[in-house]
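Asker: I have a structure here, written as structure tokens, and I will follow up with some questions on it.
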Amino acid sequence: MFGTTKSVLAAAGLLLGSHLPSALADNPIIQTLYTTDPAPVVYNDTLWLFTGHDETGASNYDMRDWRLYSTTDMVNWRDWGSPMSLKTFSWAKADAWAAQVIEQDGKFYYYATVTKNSGGYAVAIGVSDTIEGPYTDALGKELLSNGGIDPTVFRDENDGNKVYMYWGHNSPAYHIVLNDDMISYEGSIAQENLQNFVEGPWLHKRGDKWYLTYSSFGNGNEDIKYATSTSPAGPWTFAGQIMASQGNSFTNHAGIIDYKNGSYFFYHNGALPGGGTYSRSVCVEEFEYNADGSIPLLKMTSEGAAQIEPLNPYQRVEAETIAFSSGLTTAAAGDGGIYVTSISQGDYIKVKGVDFGADGAASVDVSVAAAQGASGTIELRVGSQDGTVIASCEVASTGGATTWETVNCPVTGATDQQDLFFTFQGGDYNFDWWQFNKAE
């Protein structure tokens, strides 16, 4: 479930820097693998992003697990690995499609699409005591299976905290009200006739207005449309298009959320090297609602969202916290933690908006591991992957690929707020975390 994720860019045989200039481009926001069906949720002042995962080299929708990332600044994303997979559900065999997580009474419930062993789409439920998982099968069977897909869930805080779930596949869409146990529902399934509804519903509320965003057929490929209502149960009034067909992918799937005074629209396209309909990539755009509460027409960009706060380098930062990267891979340790691995000559990690302060840094600690015969150098640069070198850390064998040692390296010229690049020389070593130390 937490297995190594082969680098999309390495598999494609392309250097990301030659395809999307890292100094400018932060979309797609994940580069180490193909991601789909974004489902953001805010918890404990952090934005958590649950996604689907397209297998590299697939010629159809080959999706076997779900993935999780988090951020506090909208540009640097920490990789948490795979919190749930098809193996979580013994009664399911395929199609780890769109899903969404919601908290209830200190537990986290993960509503997901799967295909049953006996055939047919179904809604599965994972449960965990922590948002990062791992999730286990909450019910031991499907919640329901009427041919619909892509469940979305949202709590109505003005009506007894009822949790509504929408899903569907081509018209109509469906909805239910979940019981407090989150693994059953009250009453019967209701139908909703939404204009040009295909799949991918996303339910959210802003002020007194409810929004139901969904994937629809646009000009050949899917676009994103939405409807509004004064109630989560409808009736729904068609409100227009949010994002036209574009982006080198037949499908699109939206997730909308407010975070730290900003509004964000998540979606997927096929913009990564080797990308396309079966190799998609999650992106994000910041937007502002119109004065009447309507959502403006949005375009896909390579810039993505702006950074909303600097990154503090004087606390431990996981190596898999990435704004942009090229070539390398992430993997899971035995305890479920994630680290950077499969490092080769010329690979790099970009961390955006690192605030070293006026006095700057005196040294940096890096946690590395290398098997017998593996070695290399981690050069820390500012501005770009070819920018000024502020530190150079030698990596030698530590006696094992997961035998971690902390290397301390002197730093010069690291002041103020700058983009930080870890550029890798040599290879076959692993990288777990880093932390700068302030100049006295």
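Using the three backbone atoms N, Cα and C, a Cβ is placed for every residue, glycine included.
All annotation found in TrEMBL is predicted automatically rather than curated by experts.
Keep in mind it's a predicted model, so treat the numbers as computed, not measured.
According to TrEMBL, the feature signal peptide maps to 1-25. Feature annotation from TrEMBL assigns active site, proton acceptor to D37. Residues or ranges marked as active site, proton donor in TrEMBL: E199. Here TrEMBL flags 315-437 as domain 'CBM6'.
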Asker: Considering every residue in the domain 'CBM6' (315-437), what is the mean pLDDT value?
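Answerer: The average pLDDT of the model in the domain 'CBM6' (315-437) works out to 97.
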Asker: Can you check which residue among the active-site residues D37, E199 has the largest number of Cβ atoms within 10 Å of its own?
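Answerer: Buried the deepest by this measure is D37.
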Asker: At the level of the C-alpha atoms, what whole-angstrom distance separates E199 (active site, proton donor) and D37 (active site, proton acceptor)?
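Answerer: The Cα atom of E199 (active site, proton donor) is 11 Å away from the Cα atom of D37 (active site, proton acceptor).
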